[in-house]
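Reading through the C-alpha coordinates given below for one structure.
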Amino acid sequence: MVIGICRSFRDRALDRCYHCFSCLSDPARRSSLVLKVTLVMLHLVYVGILFLFDSDLIDKTKKEPWYTALYLLLFFAALVQYFITSGSSPGYVLDAMRVVNETNVICKKSSMAKTASSKNGSLPVEGCQSGRNFQGTDSTSWTKLVMDMYPPGTSVRSCICSYCNVEQPPRAKHCYDCDKCVLHFDHHCVWLGTCIGQGNHCKFWWYICEESALCLWTGILYITYLKANISRAWWNDAIAILLLIPLSIFIVFLLLLLFFHSYLILTNQTTYELVRRRRIPYLRGIPERVYPFSKGVCHNLYDFCCGGSNIYSLEPLPSAQELEEKSRPYTCLDVLTCRCC
(Lines of atoms letter the chains of each structure in order from A and count residues from 1; the text may use other names and numbers.)
(Lines give C-alpha, C1' and ligand atoms only; values in the text may rest on other atoms or scores of the structure.)
Protein backbone atom coordinates (compact mmCIF):
# COMPACT_ATOMS: atom_id res chain seq x y z
CA MET A 1 0.00 0.00 0.00
CA VAL A 2 2.75 2.42 1.02
CA ILE A 3 4.83 1.49 -2.04
CA GLY A 4 1.85 2.15 -4.33
CA ILE A 5 1.26 5.57 -2.76
CA CYS A 6 4.96 6.43 -3.18
CA ARG A 7 4.93 5.38 -6.83
CA SER A 8 1.77 7.38 -7.49
CA PHE A 9 3.31 10.45 -5.82
CA ARG A 10 6.52 9.99 -7.84
CA ASP A 11 4.61 9.66 -11.14
CA ARG A 12 2.59 12.79 -10.44
CA ALA A 13 5.74 14.71 -9.49
CA LEU A 14 7.47 13.60 -12.73
CA ASP A 15 4.42 14.52 -14.81
CA ARG A 16 4.33 17.95 -13.24
CA CYS A 17 8.08 18.36 -13.79
CA TYR A 18 7.78 17.30 -17.44
CA HIS A 19 4.86 19.70 -17.89
CA CYS A 20 6.87 22.62 -16.48
CA PHE A 21 10.09 21.65 -18.31
CA SER A 22 9.10 20.15 -21.65
CA CYS A 23 12.73 19.43 -22.56
CA LEU A 24 12.87 16.79 -19.84
CA SER A 25 10.09 14.73 -21.41
CA ASP A 26 12.34 13.74 -24.34
CA PRO A 27 14.81 10.99 -23.25
CA ALA A 28 17.48 12.14 -25.71
CA ARG A 29 17.30 15.77 -24.59
CA ARG A 30 17.14 14.67 -20.96
CA SER A 31 20.33 12.60 -21.27
CA SER A 32 22.04 15.49 -23.10
CA LEU A 33 21.05 17.85 -20.30
CA VAL A 34 22.38 15.41 -17.68
CA LEU A 35 25.71 15.22 -19.56
CA LYS A 36 26.02 19.00 -19.66
CA VAL A 37 25.25 19.33 -15.94
CA THR A 38 27.73 16.54 -15.16
CA LEU A 39 30.50 18.23 -17.16
CA VAL A 40 29.94 21.59 -15.45
CA MET A 41 29.90 19.92 -12.03
CA LEU A 42 33.15 18.06 -12.77
CA HIS A 43 34.84 21.33 -13.72
CA LEU A 44 33.54 23.06 -10.60
CA VAL A 45 34.61 20.18 -8.33
CA TYR A 46 38.17 20.07 -9.66
CA VAL A 47 38.66 23.83 -9.49
CA GLY A 48 36.78 24.22 -6.21
CA ILE A 49 38.80 21.53 -4.41
CA LEU A 50 41.98 23.16 -5.66
CA PHE A 51 41.13 26.60 -4.29
CA LEU A 52 39.69 25.10 -1.11
CA PHE A 53 42.78 23.13 -0.04
CA ASP A 54 45.73 24.83 -1.74
CA SER A 55 46.67 27.76 0.51
CA ASP A 56 49.78 28.42 -1.60
CA LEU A 57 47.58 29.06 -4.62
CA ILE A 58 45.54 31.56 -2.61
CA ASP A 59 48.73 33.36 -1.58
CA LYS A 60 49.96 33.37 -5.17
CA THR A 61 46.62 34.81 -6.28
CA LYS A 62 47.09 37.72 -3.88
CA LYS A 63 50.64 38.36 -5.11
CA GLU A 64 50.11 37.58 -8.80
CA PRO A 65 46.41 37.93 -9.58
CA TRP A 66 47.05 37.73 -13.34
CA TYR A 67 48.07 34.06 -12.98
CA THR A 68 44.76 33.00 -11.47
CA ALA A 69 42.87 35.34 -13.79
CA LEU A 70 44.37 33.59 -16.84
CA TYR A 71 43.51 30.18 -15.37
CA LEU A 72 39.90 31.17 -14.67
CA LEU A 73 39.66 32.76 -18.13
CA LEU A 74 40.70 29.44 -19.69
CA PHE A 75 38.24 27.65 -17.39
CA PHE A 76 35.28 29.74 -18.57
CA ALA A 77 36.46 29.71 -22.20
CA ALA A 78 36.50 25.89 -22.24
CA LEU A 79 32.96 25.72 -20.81
CA VAL A 80 31.67 28.35 -23.24
CA GLN A 81 33.29 26.54 -26.18
CA TYR A 82 31.70 23.29 -25.03
CA PHE A 83 28.19 24.77 -25.10
CA ILE A 84 28.86 26.53 -28.42
CA THR A 85 30.01 23.27 -30.00
CA SER A 86 27.21 21.16 -28.54
CA GLY A 87 24.60 23.65 -29.74
CA SER A 88 26.01 24.12 -33.25
CA SER A 89 24.76 22.36 -36.35
CA PRO A 90 27.11 19.81 -37.97
CA GLY A 91 25.62 20.62 -41.38
CA TYR A 92 22.67 18.41 -42.23
CA VAL A 93 21.98 17.28 -45.79
CA LEU A 94 18.29 18.18 -45.48
CA ASP A 95 19.20 21.75 -44.52
CA ALA A 96 21.62 21.98 -47.45
CA MET A 97 18.91 20.71 -49.80
CA ARG A 98 16.49 23.32 -48.46
CA VAL A 99 19.07 26.07 -49.05
CA VAL A 100 19.57 24.87 -52.64
CA ASN A 101 15.82 24.79 -53.31
CA GLU A 102 15.35 28.27 -51.84
CA THR A 103 18.24 29.52 -53.96
CA ASN A 104 16.66 28.07 -57.08
CA VAL A 105 13.36 29.80 -56.31
CA ILE A 106 15.10 33.13 -55.72
CA CYS A 107 17.12 32.79 -58.92
CA LYS A 108 14.03 31.92 -60.97
CA LYS A 109 12.22 34.99 -59.64
CA SER A 110 15.29 37.11 -60.36
CA SER A 111 15.46 35.70 -63.88
CA MET A 112 11.79 36.49 -64.48
CA ALA A 113 12.28 40.02 -63.14
CA LYS A 114 15.29 40.44 -65.43
CA THR A 115 13.28 39.33 -68.46
CA ALA A 116 10.41 41.67 -67.57
CA SER A 117 12.73 44.62 -67.04
CA SER A 118 14.44 43.94 -70.40
CA LYS A 119 11.09 43.99 -72.18
CA ASN A 120 10.17 47.27 -70.49
CA GLY A 121 13.45 48.84 -71.58
CA SER A 122 14.85 49.04 -68.03
CA LEU A 123 18.41 48.27 -67.15
CA PRO A 124 18.91 44.48 -66.85
CA VAL A 125 19.36 43.04 -63.37
CA GLU A 126 22.68 41.32 -62.81
CA GLY A 127 22.73 37.54 -62.32
CA CYS A 128 21.37 35.96 -59.20
CA GLN A 129 23.69 37.02 -56.37
CA SER A 130 21.83 35.61 -53.38
CA GLY A 131 22.61 32.14 -52.21
CA ARG A 132 26.02 31.85 -53.90
CA ASN A 133 27.00 29.14 -51.47
CA PHE A 134 26.86 26.54 -54.23
CA GLN A 135 28.33 26.84 -57.66
CA GLY A 136 25.64 26.40 -60.23
CA THR A 137 22.73 26.16 -57.81
CA ASP A 138 20.88 28.84 -59.72
CA SER A 139 20.24 26.47 -62.62
CA THR A 140 20.34 22.95 -61.22
CA SER A 141 18.26 20.96 -58.77
CA TRP A 142 19.61 19.17 -55.73
CA THR A 143 19.74 15.82 -57.54
CA LYS A 144 21.65 17.27 -60.48
CA LEU A 145 23.97 19.11 -58.11
CA VAL A 146 24.77 15.97 -56.12
CA MET A 147 25.22 13.75 -59.17
CA ASP A 148 27.71 16.23 -60.62
CA MET A 149 29.89 15.47 -57.59
CA TYR A 150 30.18 11.80 -58.59
CA PRO A 151 31.90 10.27 -61.63
CA PRO A 152 29.77 10.02 -64.80
CA GLY A 153 27.61 6.93 -64.94
CA THR A 154 26.96 6.76 -61.19
CA SER A 155 23.46 5.53 -60.40
CA VAL A 156 21.19 7.89 -58.50
CA ARG A 157 19.84 4.97 -56.50
CA SER A 158 23.29 4.23 -55.05
CA CYS A 159 23.50 7.78 -53.66
CA ILE A 160 20.09 7.86 -51.96
CA CYS A 161 19.95 7.41 -48.18
CA SER A 162 17.50 4.65 -47.32
CA TYR A 163 16.51 6.43 -44.10
CA CYS A 164 16.22 10.10 -45.15
CA ASN A 165 15.31 9.30 -48.77
CA VAL A 166 17.57 12.10 -50.06
CA GLU A 167 20.61 12.07 -52.33
CA GLN A 168 23.81 12.05 -50.28
CA PRO A 169 26.74 14.14 -51.53
CA PRO A 170 30.22 12.61 -51.27
CA ARG A 171 31.56 12.38 -47.68
CA ALA A 172 28.05 12.55 -46.21
CA LYS A 173 26.70 9.80 -43.97
CA HIS A 174 23.51 9.02 -42.09
CA CYS A 175 23.87 9.29 -38.30
CA TYR A 176 21.70 6.75 -36.51
CA ASP A 177 21.78 8.72 -33.25
CA CYS A 178 20.64 12.02 -34.79
CA ASP A 179 18.59 10.20 -37.47
CA LYS A 180 19.85 12.66 -40.10
CA CYS A 181 22.44 12.69 -42.87
CA VAL A 182 25.47 14.84 -42.04
CA LEU A 183 27.82 16.57 -44.48
CA HIS A 184 31.47 15.56 -44.01
CA PHE A 185 30.40 13.19 -41.23
CA ASP A 186 33.22 12.67 -38.73
CA HIS A 187 31.59 10.94 -35.74
CA HIS A 188 28.76 11.26 -33.25
CA CYS A 189 30.12 12.69 -30.01
CA VAL A 190 28.21 11.29 -27.03
CA TRP A 191 29.86 13.75 -24.64
CA LEU A 192 28.62 16.71 -26.70
CA GLY A 193 25.31 15.10 -27.62
CA THR A 194 25.63 15.98 -31.29
CA CYS A 195 27.33 14.94 -34.52
CA ILE A 196 30.67 16.36 -35.60
CA GLY A 197 30.60 17.32 -39.25
CA GLN A 198 31.40 20.06 -41.69
CA GLY A 199 29.58 22.75 -39.72
CA ASN A 200 31.18 22.27 -36.30
CA HIS A 201 34.43 20.31 -36.77
CA CYS A 202 36.46 23.51 -36.32
CA LYS A 203 34.56 24.37 -33.13
CA PHE A 204 35.13 20.81 -31.89
CA TRP A 205 38.90 21.08 -32.46
CA TRP A 206 39.07 24.35 -30.55
CA TYR A 207 37.07 22.80 -27.70
CA ILE A 208 39.40 19.81 -27.25
CA CYS A 209 42.37 22.18 -27.56
CA GLU A 210 41.06 24.43 -24.77
CA GLU A 211 39.96 21.44 -22.66
CA SER A 212 43.40 19.83 -23.04
CA ALA A 213 45.13 23.04 -21.97
CA LEU A 214 42.78 23.40 -18.98
CA CYS A 215 43.30 19.80 -17.84
CA LEU A 216 47.08 20.11 -18.21
CA TRP A 217 47.14 23.32 -16.17
CA THR A 218 44.85 21.80 -13.52
CA GLY A 219 47.03 18.68 -13.33
CA ILE A 220 50.14 20.82 -12.83
CA LEU A 221 48.42 22.71 -10.00
CA TYR A 222 47.40 19.46 -8.30
CA ILE A 223 50.93 18.03 -8.59
CA THR A 224 52.40 21.30 -7.23
CA TYR A 225 50.01 21.13 -4.28
CA LEU A 226 50.92 17.51 -3.50
CA LYS A 227 54.68 18.21 -3.77
CA ALA A 228 54.37 21.15 -1.37
CA ASN A 229 52.61 18.90 1.16
CA ILE A 230 54.64 15.74 0.62
CA SER A 231 55.86 15.74 4.23
CA ARG A 232 52.33 15.15 5.49
CA ALA A 233 50.69 11.72 5.62
CA TRP A 234 49.29 10.71 2.24
CA TRP A 235 45.77 10.14 3.58
CA ASN A 236 45.51 13.84 4.41
CA ASP A 237 45.58 14.53 0.68
CA ALA A 238 43.52 11.50 -0.38
CA ILE A 239 40.92 13.66 -2.14
CA ALA A 240 43.56 15.39 -4.28
CA ILE A 241 45.18 12.04 -5.13
CA LEU A 242 41.84 10.45 -6.07
CA LEU A 243 41.01 13.41 -8.32
CA LEU A 244 44.46 13.43 -9.93
CA ILE A 245 44.23 9.79 -11.10
CA PRO A 246 41.19 10.23 -13.42
CA LEU A 247 42.48 13.65 -14.43
CA SER A 248 45.70 12.05 -15.70
CA ILE A 249 43.63 9.62 -17.78
CA PHE A 250 41.58 12.51 -19.19
CA ILE A 251 44.76 14.39 -20.11
CA VAL A 252 46.20 11.43 -22.05
CA PHE A 253 42.88 10.85 -23.83
CA LEU A 254 42.41 14.52 -24.74
CA LEU A 255 45.97 14.90 -26.03
CA LEU A 256 45.64 11.80 -28.20
CA LEU A 257 42.31 13.07 -29.49
CA LEU A 258 43.81 16.49 -30.21
CA PHE A 259 46.77 15.03 -32.14
CA PHE A 260 44.49 12.65 -34.03
CA HIS A 261 42.11 15.36 -35.21
CA SER A 262 45.03 17.64 -36.07
CA TYR A 263 46.31 14.88 -38.36
CA LEU A 264 42.85 14.55 -39.92
CA ILE A 265 42.70 18.30 -40.54
CA LEU A 266 46.14 18.43 -42.17
CA THR A 267 45.21 15.57 -44.53
CA ASN A 268 41.56 16.62 -45.06
CA GLN A 269 40.09 13.38 -43.74
CA THR A 270 37.34 12.45 -41.31
CA THR A 271 37.31 9.82 -38.59
CA TYR A 272 34.68 7.83 -40.48
CA GLU A 273 36.72 7.86 -43.69
CA LEU A 274 39.87 6.78 -41.88
CA VAL A 275 38.28 3.97 -39.87
CA ARG A 276 35.88 2.65 -42.53
CA ARG A 277 37.98 3.39 -45.60
CA ARG A 278 37.61 -0.11 -47.10
CA ARG A 279 33.83 -0.05 -46.69
CA ILE A 280 33.24 3.31 -48.38
CA PRO A 281 32.66 2.72 -52.11
CA TYR A 282 34.47 5.80 -53.44
CA LEU A 283 37.54 5.13 -51.22
CA ARG A 284 37.74 1.37 -51.59
CA GLY A 285 40.18 1.26 -54.51
CA ILE A 286 42.43 4.11 -53.38
CA PRO A 287 45.74 3.24 -51.63
CA GLU A 288 45.81 4.05 -47.92
CA ARG A 289 48.77 6.42 -48.23
CA VAL A 290 46.84 8.57 -50.72
CA TYR A 291 44.57 11.29 -49.33
CA PRO A 292 42.04 11.88 -52.12
CA PHE A 293 40.53 15.10 -50.75
CA SER A 294 43.76 16.72 -49.59
CA LYS A 295 44.68 20.00 -51.28
CA GLY A 296 47.98 20.37 -49.45
CA VAL A 297 48.64 21.22 -45.82
CA CYS A 298 48.27 24.98 -46.20
CA HIS A 299 45.07 24.78 -48.27
CA ASN A 300 43.59 22.21 -45.90
CA LEU A 301 44.28 24.45 -42.92
CA TYR A 302 42.85 27.47 -44.71
CA ASP A 303 39.65 25.64 -45.69
CA PHE A 304 39.26 24.27 -42.17
CA CYS A 305 39.85 27.55 -40.35
CA CYS A 306 38.47 30.08 -42.81
CA GLY A 307 35.85 28.05 -44.66
CA GLY A 308 33.33 28.08 -41.80
CA SER A 309 31.24 30.89 -43.32
CA ASN A 310 29.43 28.32 -45.45
CA ILE A 311 28.65 25.05 -43.69
CA TYR A 312 26.84 23.67 -46.75
CA SER A 313 29.68 23.67 -49.29
CA LEU A 314 29.95 20.45 -51.26
CA GLU A 315 33.15 18.75 -52.36
CA PRO A 316 33.24 16.61 -55.53
CA LEU A 317 35.09 13.35 -55.80
CA PRO A 318 38.59 13.73 -57.30
CA SER A 319 39.06 12.67 -60.89
CA ALA A 320 41.28 9.77 -61.95
CA GLN A 321 43.93 12.24 -63.11
CA GLU A 322 43.96 13.99 -59.72
CA LEU A 323 44.25 10.66 -57.90
CA GLU A 324 47.13 9.64 -60.13
CA GLU A 325 48.89 12.91 -59.40
CA LYS A 326 48.42 12.43 -55.64
CA SER A 327 49.65 8.84 -55.86
CA ARG A 328 52.93 9.92 -57.44
CA PRO A 329 55.89 9.43 -55.04
CA TYR A 330 57.60 12.52 -53.70
CA THR A 331 60.91 13.57 -55.21
CA CYS A 332 63.54 16.08 -54.08
CA LEU A 333 62.07 18.63 -56.49
CA ASP A 334 58.62 18.13 -54.96
CA VAL A 335 60.04 18.85 -51.53
CA LEU A 336 61.79 22.01 -52.76
CA THR A 337 58.63 23.23 -54.51
CA CYS A 338 56.51 22.44 -51.39
CA ARG A 339 54.20 20.03 -53.18
CA CYS A 340 52.74 18.90 -49.87
CA CYS A 341 51.58 22.44 -49.17
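Any Cβ shown, glycine's included, is placed from N, Cα and C.
Remember, TrEMBL labels are computer predictions, not curated facts.
Taken as a whole, the domain 'Palmitoyltransferase DHHC' (158-276) shows an average pLDDT of 91 in this prediction. Per TrEMBL, domain 'Palmitoyltransferase DHHC' is recorded for 158-276.
According to TrEMBL, the feature transmembrane segment maps to 33-53 (among others). Through the fold, the transmembrane segment (33-53) approaches residues 23-24, 75, 78-79, 82-83, 86, 190-191, 193, 218, 221-222, 225, 237, 239-240, 243, 247 of its own chain, all at least 6 residues removed from its boundaries and within a Cβ separation under 8 Å.
Among the features that TrEMBL reports, transmembrane segment is placed at 65-84 (among others).
Taken from TrEMBL, the feature transmembrane segment applies to 204-226 (among others).
Feature annotation from TrEMBL assigns transmembrane segment to 238-260 (among others).
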- With DSSP helix as H/G/I and strand as E/B, how many residues of the domain 'Palmitoyltransferase DHHC' (158-276) fall in helix, strand and coil? 69 helix, 14 strand, 36 coil
